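Undergrad: This structure is in structure tokens; I'll ask about it shortly.
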Amino acid sequence: GMSGSCTVKTCWMRLPSFRSVGDALKDRFDGASRVMVSNTDLEAPTQRNDAAPHRAPRRERYKLKLQPHNPDHKSPGSKDLVYLEPSPGFCEKNPRLGIPGTHGRACNDTSIGVDGCDLMCCGRGYRTETMFVVERCNCTF
């Protein structure tokens, strides 16, 4: 027979962890392709005289054709990250772009991160400085 109880299952979308999103973005960033915009297929959106405004879908609004900067590379896919110009170098000072450069900055010679000497000094080499610091430890015996 019938009973007065029932089971309900509810499903919902859940975001992945911040770490996994960051890792995926970093992978795409590392594999980004330099492209050129080909204006041979460029078309301005068509104007309509309807009373109701018409917007073409974003993908079709401007038919930009992205071609790889290097002709030996394949064209980027819809999920690939692309860039038009390389980033400026941050190793050398560039006042016009507000880049102070990395000369004279303190680095950590044991780190493999962005504060590490190998990365921060851009392969120029670096001087090490050993310091002995005496501090009071307020120890009690």
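Cβ atoms here come from the backbone N, Cα and C positions, even for glycine.
Dumping what Swiss-Prot says about this protein:
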- S3: O-palmitoleoyl serine (LIPID)
- 40-61: region 'Disordered' (REGION)
- 40-49: compositional bias 'Polar residues' (COMPBIAS)
- C107-C122: disulfide bond (DISULFID)
- N108: N-linked glycosylation site (CARBOHYD)
- N138: N-linked glycosylation site (CARBOHYD)
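For the listed features, I'd like the structural context: burial, neighbours, distances.
TA: Look at C122 (disulfide bond): DSSP puts it in coil. For C122 (disulfide bond), the same-chain residues 6+ apart in sequence whose C-beta sits under 8 angstroms from its C-beta are C91, T102.
Long-range Cβ neighbours of N108 (N-linked glycosylation site) (same chain, at least 6 residues apart, Cβ-Cβ under 8 Å): D115, G116, C117. In three-state terms derived from DSSP, N108 (N-linked glycosylation site) belongs to an extended strand segment.
Remark: N138 (N-linked glycosylation site) has no non-local neighbours by Cβ distance under 8 Å and separation of at least 6 in sequence.
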Undergrad: Once near-sequence residues are set aside, which residues in the chain of C107 (disulfide bond), 6 or more away, have Cβ atoms under 8 Å from its Cβ?
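TA: Listed in sequence order, they are D115, G116, C117, M120, C121, Y126.
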